[in-house]
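If you look up TrEMBL, you'll see 1-26 marked as signal peptide. For 139-162, 174-200, 206-229, 241-261, 267-290, 397-419, 425-444, 456-474, 480-502, 523-549, 561-580, 592-616, the entry in TrEMBL reads transmembrane segment. Here TrEMBL flags 143-284, 459-609 as domain 'Sodium/calcium exchanger membrane region'.
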Amino acid sequence: MTGRQKDLHWVLSLFLVLRMVETVSGARGPFTGTHMSSPFSASDVKQTPTVDVYIQVCHEDRVRWCPAQRVAKQLLRTYCVLGTVQDFGGECREVCGLNVSDRCDFIRTNPDCRSEGGYLNYLEGIFCRLPPNLLPLAVTLYAVWLLYLFLILGVTAAKFFCPNLSAICTLLKLSHNVAGVTFLAFGNGAPDIFSALVAFSDPRTAGLALGALFGAGVLVTTVVAGGIAILRPFTAASRPFLRDIVFYMVAVFLTFTALYLGRVTLAWALGYLGLYVFYVLTVVVCTWLYRWQRRRSLVYSMPGTPEMLSDSEVEPVSSNSYDYSEEYRPLLLYQETTAQILARALNPLDYRKWRNKSVYWRALKVLKLPVEFLLLLTVPVVDPDKDDGNWKRPLNCLHLVISPLVLALTLQSGAYGIYEIGGLFPVWAVVVVVGTALAAVTFFATSNSEPPRFHWLFAFLGFLTSALWINAAATEVVNILRSLGVVFRLSNTVLGLTLLAWGNSIGDAFSDFTLARQGYPRMAFAACFGGIILNILVGVGLGCLLQISRNHAEVKLEPDGLLVWVLAGALGLSLVCSLVSVPLQCFQLSKVYGFCLLLFYVSFLVVALLTEFGVIHLKSV
């Protein structure tokens, strides 16, 4: 029995003793003057409290309480809200069982219904702002907003977060291997990681993070990997495949053990991050050994040839892009004005591409236009591949004012931005004044044609701003999913393994399928495992580490019943099957293998949903 369980046992025992004494003495409530009948017998005090007793106490609202009993009841409710007993992890879900007139007060007064972050109170919008007969409309609007949030996550990560990360890698002169398994992998998995960080910040939504990470793992290793094999059968790279799948199995085993123990300590969280660092080092060393062996084999296979030329001795190859640019460069050059540069930089639409695209692409582009315009206005992007590094003098000067303002208003959902310094000046006003001064100095000290030496700093500013945009969108996603779980009485785990996992993985799935169609199935298959290793190790490790840093000794993990074990078991089983079957096929992945993976995912999804709705359950002893 843990410490909190002992405390709960003591509180419940105190409550039962008080009720028994009043039952035996026939006491009347000293403040109510009414006789109080006890729903428990005296023998209940001698018994170990059970979940049924907990539920009866925590949900009993019709009994009048004396002061001492009110204290015991409040303590017990506090433990219920904090999730000490599993059945109370979803106490807010009981709102749909109340009378319509009582739902709004229940949402506003119940601590379990409050959101720790975010800008919108979705539960209050459903149960307080709209009449009950418009509940289907509210759910529909929330579902549409959820899809649009996933679109925001994808656009921000693909067009702003990842390019700035790539620029940072170039500035730091990192090798492709190190950049691929660190910065670029983090960029690709940003929606999953930030969703996990947000979910782990609240004990009530930790199950959402675990469901999303495990659900995305099952989805990627079965549907995405199987789809690649169906689209383009190929021979997988043996050593990278075995390396990645073994590391991922270790990460899943660590998470399974943490769920079994019910907590994540500081050492455990650091172990997750340490394992990821070890994985990066393993990738770098294995790649270096492979290149070294290949270089030696080439030298020994051609004894009569001289040594291979180094990279510096190889003559550079001319780029066709330069010739193309010269061909279509206008004959009469003219200097763009500052206003024209700003207008062109803020235009997210390429009219030449628009004319050649399909109707579906245009419809999706119309939905993206507001998001892209807002991101162009607030997030600077540095592109080392361009001659000017994507330097847009008027827009970048505007970024010096707007980007810090976005940082202040999105960090902790704007809590720091509205804080008043000395009770006089809010932080956001100070940020605007300082940013305006920096923008004015930069504007008059630079030119439109040549980027300044400090232009590389905009890559870090763009990285931070886009990261906080992703974090803000991920916070809203988690809050919407939790609200939908309350309305439909679904556990956080099932929402994580379905909606959150599908939404965060759909972009990667289409990217990998596109790579496979273009003739790069091995690259797409390798990306399946490399990304989810980062997501689970950094998502769980960093998420729990941030929670522990907020004066928490450890992070409590309360599994949502049998479902989370079904999820963890399915992920482990899929990895074991791939680890055994792929080498038996001599790493030749055929369409049959792909269809088997798809069948496995469908079977898993059916079992998970049957478990969620109680069709599959453990027999009570």
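Keep in mind that glycine also has a Cβ here, set from the backbone N, Cα and C atoms.
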Query: Does the transmembrane segment (480-502) reach the transmembrane segment (561-580), going by 3 or more CB pairs under 8 Å (6 or more apart in sequence)?
result: yes
- request: Report, as numbers and ranges, which residues of the same chain sit near the transmembrane segment (523-549): CB under 8 Å and 6 or more residues beyond its ends.
  value: 180-181, 185-186, 188-189, 192-193, 196-197, 199-201, 209-210, 213, 216-217, 220-221, 224-225, 228-229, 234, 236-237, 240-241, 244-245, 247-248, 251-252, 255, 258, 264-266, 268-273, 275-276, 279, 508, 511-513, 515-516, 555, 589
- prompt: Which residues, given as numbers and ranges, are at least 6 beyond the ends of the transmembrane segment (206-229) yet have a Cβ under 8 Å from it?
  reply: 89, 192, 195-196, 199-200, 248, 252, 255, 259, 478, 481-482, 491-498, 500-502, 504-505, 508-509, 512-513, 516, 521, 524-525, 528-529, 531-532, 535-536, 539-540, 543, 555-560, 564, 567-568, 570-571, 574-575, 578, 589-591, 593-598, 600-601, 604
Message: Treating G and I as helix alongside H, and B as strand alongside E, what does DSSP give for the domain 'Sodium/calcium exchanger membrane region' (143-284) in helix, strand and coil?
response: 124 helix, 4 strand, 14 coil
- prompt: Going along the chain, which residues at least six beyond the ends of the transmembrane segment (561-580) come within the CB cut-off of under 8 Å?
  reply: 86, 207, 210-211, 214-215, 217-218, 221-222, 225, 242, 245-246, 248-249, 252-253, 255-256, 259, 491, 493-494, 497, 597, 600, 604, 607-608, 611-612, 616-618
Query: Counting only pairs at least 6 apart in sequence, do the transmembrane segment (456-474) and the transmembrane segment (139-162) share 3+ Cβ pairs under 8 Å?
result: yes
